[in-house]
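Data block below; observations after.
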Amino acid sequence: MAGGCGRRRVVVCAVALGLSAAVLALTAVVLLRAYVLRSPAIPRLWARRGSTAAFSASERRELKEALRGAVRIPTVSLSSEDFNTTAMAEFGDYIRKAFPAVFSSKFIQHEIIGEYSHLFTVQGSDSEMMPYMLLAHMDVVPAPPEGWDFPPFSAAEHEGFIYGRGTLDNKNSAIGILQALEFLLRRNYRPRRSFYVGIGHDEEVFGQKGALKIAALLESRGVKLSFLLDEGSAILDGIIAGVKKPVALIAVTEKGLMTLNFTVEKEPGHSSFPPKETSIGILATAVSRLEQNPMRSLFGRGPELMTMEHLASEFNFPLNLIMSNLWLFSPIVSRVLAWKPSTNALIRTTTAVTMFNAGIKFNVIPPSARATVNFRIHSGEKAKEVLETVRNTVADDRVKIDVIEALDPLPISPWDDQTFGVHVFQRTILDTFPNVDSVVPGTCIGNTDSRHFTNVTNAIYRFNPVLLKSDDLPRIHGLNERISVESYEKQVEFLFQLIKNCDVDKLPEPHANSHEL
């Protein structure tokens, strides 16, 4: 008996020691990864220089007024067949007057594409260097004046801000690119590396007549791009919980899109003797099932994992330990991210019921009911998979489901120490924005014109070099869209320096202070 107890104690001690060793080993791994990830996943190849373009006072006034003039032109697009063609043509005339050096340069070719879009080919002095492209769009979403502090197309300047539709999406980029090029030309600067500038006129309605045709033209000419930079993410200040410093988030992919119509048809009748289920009730049940059963979390199957790991060193304890060890803590992080709509959108395909139409009179059983649901598809799945999940969730043959439009997510662009574009962005951001220490990859929630260019490059990046705070986000497509004059000056400075930085023909050796980023 005593011998048996002794053996049990030995076994218990051995198990306890084994568990202790496992816990210690796990703790060591967690701490080691937290230590290793203090340095960036991509080493800094450039020393921070701290200064870039020096614009004169008159140039700063000029760039501000050039943007204001463009914002005053109501280049609204409502649908692929309904947009303000008069304003689109006026925008073309406007940029010719605003940027005379660009339009008179002997090494810049300008073409009108799809009647209103613009393609500029800037011929560099070294034809051996692979070209790149800067992309933007002139069109804007509608802006009814109700609720605005200033008329949406007045470009009013108030307390250091320019108010107006397009100040953030996306005339700031369209005008900023041309402004930077104008300033470079005045300084007799000719780029070594060729590049293209594309300005679409129908991005807000999927770019079928603008960017799509520009991309097709480049492909027909055999053009291959080193990278393409379009609108998308930005420099986020105070938006990422737990991170105090501004973070430059560059989207390496964008979510897909699918819009479905749901229809239920039943015999109409009088409300005094209703059937057990009406068309409205059946459809309401189907829609409720979709809302109560969100798409599965795909955390870790898209760029969101890279985003967290690249930001790990910016978080305070204990978040830095958690973000450095997502191999262990990802289930917890995924659940936390699901709490808020803004972060939930990063980890799954989202479901949004946007339209519901039914009923003709208070005492009539309606013959039909219709709903529209919009899905933004995570990069870890395809539209076909989402449709199958929707059908299985609704599980009712009485509900007819029609696909209105479907776009798969774009491939994830390279983000590593061999990618030229990534290092050029890093260098330009760090020099232009001294308060930014982190340049990280991410996901663009919306859709951009860049999706049309996958046949000419696999390196597509989405970044609007402006500083955004939490209260700026609802202004995009919303009321009182605005940009600070200082932020726009920085955007032009970024683009000015980006063009110059792209003229290096190879990457330098890693900088000794790579741990700084």
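Glycine is treated like the rest: Cβ placed from N, Cα and C.
Copied from Swiss-Prot, the annotated features are:
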type	residues	note
SIGNAL	1-34	signal peptide
BINDING	His137, Asp169, Asp230	Zn(2+) 2 binding site
BINDING	Asp169, Glu204, His477	Zn(2+) 1 binding site
ACT_SITE	Glu203	active site, proton acceptor
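Features recorded in Swiss-Prot, as mapped to the structure shown.
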residue : record                       : Cβ within 10 Å
His137  : Zn(2+) 2 binding site        : 28
Asp169  : Zn(2+) 2 binding site        : 22
Glu203  : active site, proton acceptor : 27
Glu204  : Zn(2+) 1 binding site        : 24
Asp230  : Zn(2+) 2 binding site        : 28
His477  : Zn(2+) 1 binding site        : 16
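Classification of Asp230 (Zn(2+) 2 binding site) by DSSP places it within a strand. The secondary structure of Glu203 (active site, proton acceptor), as reduced to three states from DSSP, is helical. Rounded to a whole value, the Cα-Cα separation of Asp230 (Zn(2+) 2 binding site) and the residue listed as 'active site, proton acceptor' is 11 Å. Using the Cβ center of His137, Asp169, Asp230 for Zn(2+) 2, the list of other same-chain residues with Cβ within 8 Å runs, in sequence order, Leu135, Ala136, Asn170, Ser173, Ala174, Gly200, Glu203, Glu231, Thr448, Asp449, Asn464.
Closest by Cα distance to Glu203 (active site, proton acceptor), from the binding-site residues His137, Asp169, His477, is His137.
Note: the Zn(2+) 1 site is recorded as Asp169, Glu204, His477; in the same chain, Val140, Val141, Asn170, Ile476 also have Cβ atoms within 8 Å of that site's Cβ centroid.
In this structure, Asp169 (Zn(2+) 2 binding site) belongs to neither helix nor strand by DSSP; it is coil. The two recorded residues, His137 (Zn(2+) 2 binding site) and Glu204 (Zn(2+) 1 binding site), have Cα atoms 9 Å apart.
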